[in-house]
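Notes follow the structure.
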Amino acid sequence: MAFEGLAERLQGTLTKIRGKGKVSEQDVKEMMREVRLALLEADVNFKVVKQFIASVREKALGQEVMKSLTPGQQVIKVVNEELTALMGGEQSKIAVSSKSPTVVMMVGLQGAGKTTTTAKLANHLRKNHNRKPLLVAADIYRPAAIKQLETLGKQLNMPVFNLGDQVSPVEIAKQAIDKAKEDHHDYVIIDTAGRLHVDEELMQELQQVKEIASPDEILLVVDAMTGQDAVNVAESFNEQLDVTGVVLTKLDGDTRGGAAISVKAVTNTPIKFAGMGEKIDQLEPFHPERMASRILGMGDVLSLIEKAQTNIDEEKAKQLEKKMRTMDFTFEDFLEQLDQVRNMGPLDELLNMMPGMNKKGMKDLQVDEKQVGKVEAIVRSMTTKEKQEPSIINASRRRRIAKGSGTSIQDVNRLLKQFEDMKKMMKQMTNMSSGKGKKKGKGLGGFKLPF
Ligand SMILES: Nc1nc2c(ncn2[C@@H]2O[C@H](COP(=O)(O)OP(=O)(O)OP(=O)(O)O)[C@@H](O)[C@H]2O)c(=O)[nH]1
Ligand SMILES: [Mg+2]
């Protein structure tokens, strides 16, 4: 499987710092040395590696600290982000012309996988985008080329446009597009001939086809197994033809993966699809992010990172903030918030993530886990009504709650008092930030949270 060597090396390196509570500059340096070697060994372009390492190092040292991740995990996060960016960041989709049909031209060296990919792409477009492609046999040089596409077309039950091998590719392309319009095809995919090396004659012909067909997309098909060569080939094709996208084939093979990582960086052309096997349905849209996590082989760490970033659901946080403003914040909200944060790790996070809580001066609040447990027990001993409307909690209810939670009446009293204070403070803070209460300038000093 592609990337195995690279994945193994990177994982080995990253595992070393994964659980570390502290990552020193020296750690990062050593790790980057290993990552560098791993990438070079995977046949990633030298310049690309250099740049990559520099930007990871800078970001790993300069980044904002996320409390729910260990420093080791944070470095992994940076490596993952940078690797994703290197491979193009966002997924890059195939062109769609506003004027049907969309014309796609496939180019590339001999044996790269053009003809196979032409069929795979047609299948993908029909299956996933409900399109009606026309395949065009414009390789008149290799004896069996037309036959090969015809066979694939039959297999797909899709028409193949073909004028035999006595008509020029330029003429074939022209007539194919007319035919596509006539038959209401919304995609035309032109399979062209390949050569062993990039040569002048081939390029000229491709340029002529390009001129007549004005393709919306020129997909360069490159064989991932060829490593650095794939990147060089991509560079020359790009210079001559201005390709709009790359298809990396044979990523299922025993490749070292370097091409996947450097092609975008070197040619500034996005990888749009990846060939994952010889079968017609083995073509996948290329997702830089997924590819990066596959290379890093760190689904667990990466999903933890993702969780840390999204766990406090933004929508909920907004609702909560609104509630606090309007004084509707109840003990029920409090519990919900507590649960959400519990899923993630250290509880002092709660304070920083609760809207309005991460204001200056509140940062150093320490949370005593035992106290939190006590508070939670008290809240859970309340009836729903009590949680929603703490004002109804009279003396006998307080007694009952204390008993139910294994705490004292004083504890319950203190919590209720502090909860009211907290709500008041929220109001004050909101007023302050909206400018209303500025004159008071009371500050928040001395206020204690319920735990
Ligand atoms: N394993 C694997 N094999 C592939 C993939 N894509 C193409 N191939 C194989 O690569 C070989 C060459 O594919 P073609 O589609 O004929 O290549 P081409 O670029 O059209 O070659 P020419 O027409 O000679 O220039 C075939 O045996 C394909 O089955 C892929 O993603 N994975
Ligand atoms: Mg071919």
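A Cβ is built for glycine as well, from the same backbone N, Cα and C atoms used for every other residue.
Feature annotations, reproduced from TrEMBL:
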BINDING   108-115, 191-195, 249-252  GTP binding site
DOMAIN    270-283  domain 'SRP54-type proteins GTP-binding'
REGION    430-451  region 'Disordered'
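A map of TrEMBL features onto the structure.
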| residue | record | DSSP class |
| --- | --- | --- |
| GLY108 | GTP binding site | coil |
| LYS114 | GTP binding site | helix |
| THR192 | GTP binding site | coil |
| LEU251 | GTP binding site | coil |
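Close to LYS114 (GTP binding site) in the fold, though at least 6 residues off in sequence, lie MET106, VAL107, GLY108, ASP139, ASP191, THR192, GLY194, VAL221, each with a CB less than 8 Å from its CB.
Sorted by the number of other CB atoms within 10 A, the binding-site residues GLY108, GLY111 start with GLY111, the lowest. Sequence-distant neighbours of ARG195 (GTP binding site) (same chain, 6+ residues apart, CB-CB distance under 8 A): LEU109, GLN110, LEU202. When Cβ neighbours within 10 Å are tallied across all protein chains shown, the highest count among the binding-site residues THR192, LEU251 belongs to THR192. With a cut-off of 6 Å between Cβ and the nearest atom of ligand 1, the binding-site residues GLY111, LYS114, THR192, ARG195 reduce to GLY111, LYS114. In terms of DSSP secondary structure, the domain 'SRP54-type proteins GTP-binding' (270-283) contains 0 helix, 6 strand, 8 coil. Within the model, the domain 'SRP54-type proteins GTP-binding' (270-283) carries an average pLDDT of 93.
With respect to ligand 2, the binding-site residues GLY108, GLY111, LYS114, THR192, ARG195, LEU251 contribute LYS114 as residues with a C-beta closer than 6 angstroms to one of its atoms, given in sequence order.
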